[in-house]
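Q: Would you mind keeping the following structure in view while I ask a few things?
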Amino acid sequence: MAHQFPALTSEQKKALSETARRIVANGKGILAADESVGTMGNRLQRIKVENTEENRRQFRELLFTVDSSVSQSIGGVILFHETLYQKDGQGKLFRDILKEKGIVVGIKLDQGVAPLAGTNKETTVQGLDGLSERCAQYKKDGADFGKWRAVLKIDNQCPSHLAIQENANTLARYASICQQNGLVPIVEPEVIPDGSHDMEHCQYVTEKVLAAVYKALNDHHVYLEGTLLKPNMVTAGHACTKKYTPEQVAMATVTALHRTVPAAVPGICFLSGGMSEEDATLNLNAINLCPLPKPWKLSFSYGRALQASALAAWGGKAENKKTTQEAFMKRALANSQAAKGQYVHMGSSGSASTQSLFTASYTY
């Protein structure tokens, strides 16, 4: 017999629910700026800029110091540990700059993946040890939500039952610990787009993964109204020769969500998964126009798909500040419109925005 021992007080629930709803209110989404030092190095290398702490700080300062109107498009920003404690040129903490704009500050909490022995190179997530203490410290230091990314792949015998169950339980344990410490957990079970599988196969796997995740969240007494989901869109594998329209992606994606994600979840913020900036926006717009019941806000939590044009415009040069910030604002506004189903594609948007951002076996 299941006995109920309250996991959260009504005050804790109210605070978590309000924060989650605030992040995705009125077409707002999330800027994922939580790339690790190594991942940021790969980005900077492409524009021939050295991967130093100062260069990483300078680029992120450009993103965070844009006009305050960005808060109409961006409801939350996910930071990496380093960035939470960095300051702008005037000595002001980035987290304070964001909060003054009304943007909720989040923090990456997972510590990468580790191999699952006995599987076909599948992984689980590290970072549960000491997580409660880290959450408490981050909350004290201004963070109000967390992010934890689990990775599942479609391949021969993958994802295995073990990988699905292990990652679902780890996500649920993380979510529970977050909520105990006053952080809204972003639950990210990513079915990565590596492979040649078709969209229908991805839909089948995504449904199995999400069903397991919500069973685990229920088992761990996670308060769904105080969470957000960050899933992949349902797309074909990157090497699949068959191409699908945004409308087909939208129908498959919303169908999968409709079958697996409880209506209590306030928002679903899609990851961009290496899509070009423009494709990520077009797919999100089609998802919001999909003629199926959609009880949740359907928004974005994009990293590369919000930053690629801005990074290309910057090129490591301080004099490119204006064009860099304009490029970022343009993508933020486009995705906010898409989150309301109001984006209008205006033909070519420039080479950076239509370039695929796919990286095989992508790690943050």
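If you go along the chain as it appears here, the first residue is 1 and each next one adds 1.
In case you wondered, yes, glycine gets a Cβ from its N, Cα and C as well.
Taken from Swiss-Prot, the feature active site, proton acceptor covers GLU188, and the record attributes it to similarity to another entry. The active site, schiff-base intermediate with dihydroxyacetone-P annotation in Swiss-Prot covers LYS230 and is backed by similarity to another entry. The beta-D-fructose 1,6-bisphosphate binding site feature in Swiss-Prot is assigned to ARG43, SER272, GLY273, GLY274, ARG304. Summarising the annotation, Swiss-Prot assigns N-acetylalanine to ALA2 and lists similarity to another entry as the type of evidence. Residues annotated as N6-succinyllysine in Swiss-Prot: LYS13, LYS121, LYS317. Summarising the annotation, Swiss-Prot assigns phosphoserine to SER36, SER132, SER272, SER276, SER299, SER301, SER309 and lists similarity to another entry as the type of evidence. Here Swiss-Prot flags THR39 (among others) as phosphothreonine.
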Q: Using DSSP and collapsing to three states, where does GLY274 (beta-D-fructose 1,6-bisphosphate binding site) fall: helix, strand or coil?
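A: For GLY274 (beta-D-fructose 1,6-bisphosphate binding site) - judged by DSSP and reduced to three states - the answer is coil.
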Q: Given that the record lists ARG43, SER272, GLY273, GLY274, ARG304 as binding beta-D-fructose 1,6-bisphosphate, what is the largest C-alpha to C-alpha distance among them, in Å?
A: 16
Q: To the nearest whole angstrom, state the Cα distance for the pair GLY274 (beta-D-fructose 1,6-bisphosphate binding site) and SER301 (phosphoserine).
A: 12
Q: Are any of LYS13, LYS230, GLY273, SER309, LYS317 (the recorded positions) within 10 Å of GLU188 (active site, proton acceptor) when you go C-alpha to C-alpha, and if so which?
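A: So the list is LYS230.
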Q: I'd like to know which of the recorded positions ARG304, LYS317 has the most other Cβ atoms within 10 Å of its Cβ.
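A: Per the Cβ count within 10 Å, the most buried is ARG304.
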Q: Taking each of ARG43, LYS230, SER272 in turn, which of these recorded positions have a Cα lying within 10 angstroms of the Cα of SER301 (phosphoserine)?
A: LYS230, SER272
Q: Where's the emptiest Cβ shell within 10 Å among the binding-site residues GLY273, GLY274?
A: GLY274
Q: If I take the Cα of SER299 (phosphoserine) as reference, which of the recorded positions THR39, LYS121, SER272, GLY273, SER276 has the closest Cα?
A: SER272
Q: Per residue, counting other C-beta atoms within 10 angstroms of the C-beta, which of the recorded positions LYS13, ARG43, LYS230 reaches the highest number?
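A: The largest 10 Å Cβ neighbour count belongs to LYS230.
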Q: Please tell me which one of the recorded positions listed here (ARG43, LYS230, GLY273) sits closest to LYS317 (N6-succinyllysine), measuring Cα to Cα?
A: ARG43
Q: Give the helix, strand or coil assignment DSSP yields for SER299 (phosphoserine).
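A: For SER299 (phosphoserine) - judged by DSSP and reduced to three states - the answer is strand.
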Q: What's the CA-CA gap between SER276 (phosphoserine) and LYS121 (N6-succinyllysine) in angstrom, rounded?
A: 27
